[in-house]
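*Asks:* Once you've had a glance at the structure underneath, I'll fire off some questions.
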Amino acid sequence: MDDSRHKDATSSSTCFSHFCSSALRAKTLKSSSSANNSSDGLIRRLGVFDLILLGVGASIGAGIFVVTGTVARDAGPGVTISFILAGASCVLNALCYAELASRFPAVVGGAYLYAYTAFNEITAFLVFMQLMLDYHIGAASIARSLASYVATIFELIPALKGNIPPWVGHGGQEFFGGTLSINILAPILLAVLTVILCLGVGESSAVNSFMTAAKVVIVIFVIIVGSFKVDVDNWSPFAPNGVKHIFTGATVVFFAYVGFDAVANSAEESKRPQRDLPIGILGSLLVCVVLYVGVCLVITGMVPYNLLGEDAPLSEAFTSKGLKYVSILISIGAVAGLTTTLLVGLYVQSRLYLGLGRDGLLPSIFAKVHPIRHTPIHSQIWVGIIAAVLGGLFNVHILSHILSVGSLVGHFFSFFCEVFALYLLNHIWLLSYHSFRSGNWTVSNQKQTGYSVVAACVVTLRWKNNTGNRVSSKCISTWCEGVLCIFLVACCGFAAGVLYRFGTHFIFMIVAVVIAIMACAALCFRQGYSDPPGFSCPLVPILPSVCIFFNIFLFAQLHYEAWIRFIILSIVSVGIYAFYGQYHANPRSDETIIYHMAPEEDRH
């Protein structure tokens, strides 16, 4: 009996030890001029202009014609400031993304790859899972909206007006009290876009460039035409409901800019990634800021903010001025916007699956690249099928409830898992196995998941080039001290967000901000930093700390349903990794997975 118990205890200890060692594995970079010579690799066809259009295509959908007006109903003309504040925050996040995109220019992966290199394997897998929830549900939701817009355009044909059944275009044929809502046009549109993406990155980029250019031209035309109908008296009062509504509006419209990070996932298909990726990320974001601000000024100048419609405010504003034809152009622009957003979303998903397939964290079929088309066809078809099933069975309302866990939850999710779970695992491992190589576990991140994680990666990777930070004889290493400071900044951002959400006295928010500043000061003076190759994010660690604080502040604004799904996703993610990922990951030399940097000619 005792021997049996001893064997069970030993077996449990062995499984736990294997989980720890697997979870703490990390990537390192190895310069190699043969990185792009592999026959199963992607092909470099995207120039800097393609990358900018890729980011703009992912960011600006139909929302530019809707969210500007809906937020203006609360913030008034001050919605312009809301978009500027949100844009400024995204620029800070984009600077962090630009540094890492320049630092890891040769392979796909985005935030997942950054987390794998800056932290470790389990953190990267958790980031991937959060991203997939975001992307899969997002693609299905966009497909349903796109189907509705396409049906609206078809109804411009007199013979079809009012004759398109709901299961084809608008809404869907509902069953079980609306839980299921059948729509066949959404899967058809997804199938068409999936075929385009499978044909090759050149073909899909051409479609994206055309649709994005058409969308931008329509937005510019709307701004120019609308500017002649502006009444400056409508801009007064500028903030009718107070400054708080402007800041609240900024937290809402922050998501209107999400999409520039898609550029980072095209690293393996960029012609000159180390130079072009930062330009593509920052350039696409700046274009979006200008367009959003222009639309805000026009819509609040054309119609008093309190008279703006709820469903189609911009279209209704032009109709009220006798410009019906502009409303039709807006519908066409919405179709183009949703198409490019969906196209880029499917593109990014397949590249993420490709990265995990290569690493062994997912079945190897996802790592296969077509020898002629140079696209990950299996991954592309898979993400298309998932989106088609979800988009064909569920309406936008149901999908949006599922998606509420996405985006910002990933910021806190990754910090929680990385600091609590892995921090404790590190120490348990170190206490149990004194022979574990000191300091290697410190080497162990998107859309997000998270912008917060990307910002943290910028900081920690700057430490990694200072070997003195990685080994310490003190009870707590310098690296752990730095991670705790980052986590403290995140906690203060969360506390400030909760206090703001429930309207407590502003003095408590000031306390949270002061503590975050002190933690940031500790990062500045207690850590050593080195300059990275390529593009360098300015003001490290101050700027990344500001990103982390604001991103977690936004997380605190989520509905309580997000917390429930957050817990469920956490359990599912760790379970998948424990039963599959840890046993199939393919670490290379010295328990570290090697990823090659771009060839020398692609770095200049």
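Glycine is no exception: its Cβ is also placed from the backbone N, Cα and C atoms.
Here the structure is a predicted model, which means the values were calculated and not measured.
Copying in the features that TrEMBL gives for the protein in this structure:
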type: TRANSMEM; residues: 51-72; note: transmembrane segment
type: TRANSMEM; residues: 78-100; note: transmembrane segment
type: TRANSMEM; residues: 112-133; note: transmembrane segment
type: TRANSMEM; residues: 175-199; note: transmembrane segment
type: TRANSMEM; residues: 206-226; note: transmembrane segment
type: TRANSMEM; residues: 246-267; note: transmembrane segment
type: TRANSMEM; residues: 279-305; note: transmembrane segment
type: TRANSMEM; residues: 325-348; note: transmembrane segment
type: TRANSMEM; residues: 409-431; note: transmembrane segment
type: TRANSMEM; residues: 479-500; note: transmembrane segment
type: DOMAIN; residues: 535-584; note: domain 'Cationic amino acid transporter C-terminal'
type: TRANSMEM; residues: 537-556; note: transmembrane segment
type: TRANSMEM; residues: 562-580; note: transmembrane segment
*Asks:* What counts of helix, strand and coil residues does DSSP assign across the domain 'Cationic amino acid transporter C-terminal' (535-584)?
*Replies:* 39 helix, 0 strand, 11 coil
*Asks:* Taking contact to mean 3 or more CB pairs closer than 8 A (sequence separation of 6 or more), are the transmembrane segment (78-100) and the transmembrane segment (206-226) in contact?
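*Replies:* No, the transmembrane segment (78-100) and the transmembrane segment (206-226) are not in contact.
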*Asks:* Would you report the average pLDDT that the model assigns to the domain 'Cationic amino acid transporter C-terminal' (535-584)?
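*Replies:* Mean per-residue confidence for the domain 'Cationic amino acid transporter C-terminal' (535-584): 81 out of 100.
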*Asks:* Cβ pairs under 8 Å with the transmembrane segment (325-348): which stretch of 112-133, 206-226, 246-267 has the most?
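*Replies:* Out of the listed stretches, 206-226 contacts the transmembrane segment (325-348) most.
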*Asks:* By a Cβ-Cβ criterion of under 8 Å, what residues six or more beyond either terminus of the transmembrane segment (279-305) are in contact with it?
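*Replies:* Result: 48, 51-56, 58-60, 64-65, 68-69, 72-73, 75-77, 79-80, 83-84, 87, 90-91, 94-95, 97-98, 101, 216, 219-220, 222-223, 226-227, 229-232, 234-235, 240, 253, 256-257, 259-261, 263-264, 266, 270, 313-314, 317-318, 320-321.
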